[in-house]
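TrEMBL has this to say about the protein:
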- A:33-502: domain 'Amidase' (DOMAIN)
- A:LYS68: active site, charge relay system (ACT_SITE)
- A:133-153: region 'Disordered' (REGION)
- A:134-145: compositional bias 'Polar residues' (COMPBIAS)
- A:SER150: active site, charge relay system (ACT_SITE)
- A:SER174: active site, acyl-ester intermediate (ACT_SITE)
- A:231-254: region 'Disordered' (REGION)
Amino acid sequence: MRVTRTWAKIQRNAPLHRKLSTESHQCRRVIAERNATVNAFVYTAEAVPTTNTAAPALPLSGRPIAIKDNICTKDMPTTCSSNMLKEFKPPYDATVVRLLRIAGADIIGKTNCDEFGMGSMNIHSVHGPVINPCHSTRSSPNSPRSAGGSSGGSAAAVGAGMCNAALATDTGGSTRLPASYCGVVGLKPSYGLISRWGVVSFADSLDCVGVMAANVADTRRVFDVLNVHDQKDPTASSPESRQEASKMNTARRRKWDIATGSRPSLNGLRIGIPQEYFPLELSPTILQPIRRTIASLRSLGATIVPVSLPSTSYALSAYYVLASAEASSNMARYDGVQYGLHVRPPPGADLTKTSDLYARSRSAGFGPEVQKRILLGTYALTADAFDNYFLQAQRVRQLVKDDFDRIFHLPDVTHVPASNVREDGVDILVHPSAIRTAPALSEQSGLDAYVQDVLTVPASLAGLPALSVPVPKALRVEETEEDDWPVGVSVVGQWGCDETVLRVGEVIEGLGEDVH
Amino acid sequence: MLGHLRQCRANPLCTRRLFHDIRAYKADKRWPGWQVVIGIETHAQIKSRHKLFSDSLTSDLGEPPNRHVSLFDAAFPGTLPRLNQKSVDLALRTALALQCDIPSQSSFDRKHYFYSDLPAGYQITQQYAPLALNGRLTIDVPNIPSFAVRIKQVQLEQDTAKSTFDPRTRTASIDLNRAGTGLMEIVSEPDLRSPEEAGAYVRMLQAVLRAVGSSDGNMEQGSLRCDVNVSVNRIGRPPGTRCEIKNLNSVRFIMAAIIHEVTRQRAILDSASDLETVGVPQETRGFDEHRFETYKLRSKEDAPDYRYMPDPNLGVLRLTQDRISQLRGTLPELPWDTRKRLRGNYGLSERDVEVLLNVDSVREVKLDGEEVEGNSGAVAYFDRLCNEQGTNGRSRDPKVVVNWMTHELLGQLSARKQSFADNQISVQQMGELIDLVQSKVITGTSGKLLLRHMLANPSPLRTQQIAENLQLTALSPFFPSSTGARSTSPTSLQDTKPSPELYGLCLDAINALPSEAAAVKNGNKNVLNKIVGRVMKESRGRADAKSVKALVEELLSVNE
């Protein structure tokens, strides 16, 4: 359904007694005005009005929330931006969508993304690329910029004010990178906290549902609704682990999270700055705002600790082997038999080999980036390559995880008791979310697209909570700088320390007021 | 998260093992000078209510297609597996019965291939860290010398869907009822040495699965399928290259396939000029059930690379010692223990034991290992008949009981084309019937008649009551004693007088057959049987032939 037509219909048909929240109303108007250029939404739902105004307010009552198009919705298509699932309408809601509905959210529509979540520019989409909705006063308006990927539609929708919050997914940075490019908040929670049931798998061991919003408070509100154990997800972390982590975190936060008047105090908070996250490719337009952010945090009382995560340089290759291997496996189900695109063989074709039949549907259904990763992953899993690629990557993944465990104060309670603290450890890490601001869509994405992932992939491999927060404008722009596009700063914590990460994000959000 | 991967080291395609023969060579006159080496991979469907990773019910054969299918079974995007712990318990019971080691951790892997019977494009199995390892199954049955087979491993995996192709309409139909049903793959070491041993191994395995309730082991219905690896070598030479014969679904086919394979492989080796270099090409073969021959499916070069990958959703399956001990403690009696007990405790013959065990080998296996209520098989029925005190206050003679069960009860059931499960005669009724015959309240002939009646007309009444209603109580050759109690210990005819009814029947017969009576009087003893026969007929089996004969003789001699 075309977005504009939907909007017209809503306006025409809306009876007077049906009340939409002001925000739902406002967002639908923005969608109608701007989506044609931004291309964030690929489907917009008809407004479901709040029928009972006397009903007790639910946590998300009247809040329009967008859903990335690789998360299943029973009343809307779920295309994963793929030709393969262009007509696919799942008969079920993902657990996260169900939870949002129960919490009173207005599921406003489905957002564009890279095909099956594979990409970092949101250009690999059957719906076309997403255009970054941010404005620049200085750069040329003629070269549209990328919203980032793979959750570009969700980030752009939040950035453009088309929704209050959006669900995204994050396999290796797909929430944090677009959040950084579009100047919004993006949270990739600890692996296993949010149910993946109904979320179309790209790489199960890395996939997380992410939350995006304009500010940390809105992000947290949605996260709190989704942060419940789901029996349908075999990788869901146990209620015991959740409780243990939460208890440990609250206790630790009491040491520093003391608001004194309007000015937060970070006395006692130890922030690690990982040296490997400042690569040569890091643009100066990123470096300066991040430095200022760190300086501001120090001025609030935080202790800044330089740390090293030596396995980081191997993380990227490990990530691509593992993610592609799992992707090649997960994509195997798209054969055009039970659902999805089915290409009929031409008359006279050899029907004896099933794989020949599948190849027709799969060749037509998958775009080039997905095909590339299927081939890479298939190779990594062949008997000859398995040891050198897949198993080697698994070992690197463990090393990356060990790196983090060595520098954090709190332990990962899914593996060791909460008492195993490191006195000299840090509470969180702070580093840039991206090596640059949003690239122009016209720029050829070569190997750069992969180098970018260096900053986001380690937290995915280790299953850690990671939040990208826009650096406040006041810290960002020197009058002389020509690039005033958003810059994101990442906050990463130990497994289960999501609330701590959000809390620090909130402090960063408010830093601007401090400086000026 | 990654611990279980340490076990991934072994390359799945590199499975050639060193050969150390645990079996002593025994000549076989069908192929003198040759040794046959056989190993079997058995796929047994787990008799569980739900599928292995979804909430859908498992299906019986013949149910309408695609009735029991969940989103997960159809591999819809976004669906995730959830391990059915009841299936795990059933597989563990099997592993314990096969004396396997059960590691505290096992894990699941994906085996990839594209085929229409595999909706996800991969099968979840246990390639790198199976559920159980290093077991042993001893086959100790009549007619074959006892031998042991090592069990390499027991692993859990998903069954596939069923796809059928209609060449006329050129359409393929897919039925997902079976997709995702739990299977146990039980892999033997190459310890079998003849087609007969292979058959006995599979039958024994069937009996074990049924005894522990983990599978009904029904080969005809496809809930037990075998892949058989066969190689041959000349005595003293290293083992030959094995060929795998896929998907054999009866013991008869297994044996026939092995025999054909031995002949085929010998012919290849015989025709070779150079013993050192010649070998049977490694192949995967099928079995033609009409021609009783194996045929080539694919060669080693065409072997697919399944691209095994640890399943990222299911992670590690951890088993506590408590859980394993609990299962071990509640393991039902295993076939060899039953056999030993029936022979040792009751002194039954090999043949009788075999009959009872065979009856139980087709009894119903309940879902999720649940106990069968009431009549739970021939052995249990027999046990109760022997162990419950008889109506006469004494325990029953196991040999008498087994005769009644095997000859009469099972015989008449089979004459009625019924199975033991259809038997409606309770243990109490059957026991009383045996007691009535033993104490001569009714004759053996009447007992059989009564049994037939009770099978045809199930009734909750006591057996004695039914016998009296049918007037089947024996015609005592004796007068009732003065107290009115029925005499149960006959002494001699001289001490007592026959009952009036039997006396009357005998006199009637003598009167009805005057010439025969005369002949007997004249010393022609052979004719006596004719008179006795008539009495027996008139008594409708209620009379005891020996007593009648004595009585008639006595009557005729008295008349003399």
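In case you wondered, yes, glycine gets a Cβ from its N, Cα and C as well.
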Q. Secondary structure at A:LYS68 (active site, charge relay system) (DSSP, helix/strand/coil)?
A. strand
Q | Model confidence over the domain 'Amidase' (A:33-502) (mean pLDDT, whole number) | A | 92
**Q.** Cβ atoms near A:SER174 (active site, acyl-ester intermediate) (within 10 Å, other residues, all chains)
**A.** 37
Q: Using DSSP, break the region 'Disordered' (A:231-254) down into helix, strand and coil residues and give each count.
A: 15 helix, 0 strand, 9 coil
